[in-house]
Amino acid sequence: MRSRLLTVTALAALAALALGGCSSETDTLSDTEAAAAAAGDSSWPRTVEHGAGETEISAAPLRIVSVSPSITGSLLAIDAPLVGSAATTVSPLSDDKGFFTQWADAADEAGVEVVYGDLELDLDAVDLFEPDLIIGSVNGGDATLEAYDQLSEIAPTVLLDYGTVTWQELTTELGTITGLEEQAAATIAEYDDWVAAQAEKIMLPEQPVTAAVYMGADGVWAFGADSPQARLLTALGFTYEAAAEAFRSEQTGANGVDILSAENAASGLAGSRTLFLVAMGGGDPVSAFVGDPLLVNQPAVAADRVHSLGTESFRLDYFSAKNTTQLIVDTFSE
Amino acid sequence: MTSTVTSSPRRDDAPLRHPAVARRAIALLLGAGATTVLLAVVGFGVGSHPISPAQVLDALTAYDPTRNEHVIVMASRVPRMLLGILVGAALGMAGALMQSLTRNPLADPGILGVNAGASLLVVVAIAYLGVTSVHGYIWFAFAGAALAAVLVFALGSAHRSGATPVRFALAGTAVAIAIGAVTQMILISNETAFQYFRFWSVGSLQGRGLDVIVAVLPFLVVGLSVALLLARPLDSLALGDAAARSLGTSVGAVRASTALAVVLLAGGATAAAGPIGFIGLAAAHIVRQVVGNSHRWLLPCSIVVGAGLLVSADTLGRALVAPADLQSGIAAALLGSPLFIALVRSRRVASL
């Protein structure tokens, strides 16, 4: 919640800046943030509220280390001065260093090095990069909340909650933290224009649609209407349908995921006419899904309208959102 | 509910022909059998998706493949019930055999390295061969279970003084730990393998179709048949190696046959449903407390009680967590362990 508040605050600050920094618009902002927003890049030091507390950043950072591979893509998207990033375990979702495929090329071009691999936090390795700002996450597989104090001894550390925000909100937040507000806004605006142009190329299949991860005998994780995946599809003109509430299990994940048991998958997705499957384990999840005897009566399965959303759509950032959009355009282009 | 058998000095041939034991054994067989059938039928209507008894009856008598409820009964709950009976029966028998073979009252499919071996080859299949379906895992799990058991058997009988129950137990534990370490190493460096293995490794009857049952059925039938033929030799073996030899029992051959039956039963059950703990351990103990240690009754009763335990745990587990789905391995542990603790507290556990 705190990070969402911060994001909203940051967005309000940007709006205020765009409107000419009218002071009456900034009643809800803290003095520091208002000053930062009003004065732009020159307003250092600035204090950032985040998932692990409050951190003062004394000057515009020049050497950032990301200890969260899930956030690294959004830092690269705003050309943040990133010198190193933690790498995840090597999988179909990553390159052979453990950088997620969607931003691995951008990282290599920017000269970003692997700080440590397999998500095994290595404080000495972080220290060797002599960062002036460390950015990490409070949730997910790459969370480093427990090591917040040690990381803070190395450099000012900001830990963000990327699980409950869209990549656009996260990018805006990172813009505020790094003093790159304008780049963040420009990146998002460029993306929005690009997506609007891509939407023109699509001939929509039968609506509504649902995006999900197929977990085999574990059932189906259907993305909720507020999820980044649903928003991406909505931005492209699709009508999004969440899983029917009556069939959801109690548990719901961080990303607004509704869990359907294997027996409830067909009924829970009965309202959806076209399905998108996130290939979390790599490969093509569609054949396993349509081959599940429990799903034969799901309308999209029965009508052969199940499509792969690719491997990069599970973690959406500027790069993977573009790649996922491109995949959808290729699938449905007129 | 008297405890004459279990509290009397352990095993001699007298209770074998005691009519009271036979009566208790038959009562146990009928009771456990009836419970299994009842809960299996009730289980058709119980689960993450609500299905009324009328719909269940409809699905069984007038199957309509366009209705989700009918599909769930026929494609999910019937195979799940059949597999539960088969796996439970195999685990019950395997547990009884392992306890007799190792003379260790805590023996279950874990102790001869069966689960560890099956897990390792499943992980190898996922991580390096790209196998991701249950139907693909089966053969790897089977081969792994067999290889580990053969290794344990070879290590356990390698010393010139020959195989002893303690040697088997030690070799099994050592092999299980070593294989487990290799499995963990592969899993840590492979996220995809971890995702798929996670589900298999808690033990589940869900998502296994009739083809899985057909695939493991021959192995389980042979395993159960071999085991039932071993009743008399195992009774002799229980008197000690020397006494068994003097009665004309070939000790080595009996141990080897028992180990073979264990591999077929535990390997087949583990391949089909993943490692499910507790059933093999508890079924044999429950039977021992009711009918004593005579294998003539112990072995057939363990089959029925094992099936009853797993089907009961699975059905109750599904009823408790709907609309979510509880994996059978977790249900077996959650619902079975209090029952087991109650049994241990109320009576003396049979010594072997």
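Placed from the backbone N, Cα and C atoms, the Cβ positions cover glycine too.
The structure displayed is predicted, hence computed values, not measured ones.
What TrEMBL lists as transmembrane segment is B:25-46, B:81-98, B:110-131, B:137-156, B:168-189, B:209-231, B:272-291, B:298-320, B:326-344.
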Close approaches to the transmembrane segment (B:298-320) from elsewhere in its chain (Cβ under 8 angstroms; 6 or more beyond its ends):
25, 28-29, 32-33, 35-36, 39-40, 42-43, 46-48, 80-81, 84-93, 95-97, 100, 205, 224, 227-228, 230-231, 234, 276, 279-280, 282-284, 286-288, 290-292, 326, 328, 330-332, 334-336
Cβ under 8 Å, sequence separation of at least 6 from the ends of the transmembrane segment (B:137-156): give me the contacting residues as numbers and ranges.
112-122, 124-126, 131, 163-164, 167-168, 170-172, 174-176, 179, 200, 212, 215-216, 219, 255-256, 259, 262-263, 266-268, 270-272
Give me the stretch from B:25-46, B:168-189, B:209-231, B:272-291, B:326-344 with the greatest number of Cβ pairs under 8 Å to the transmembrane segment (B:81-98).
B:272-291
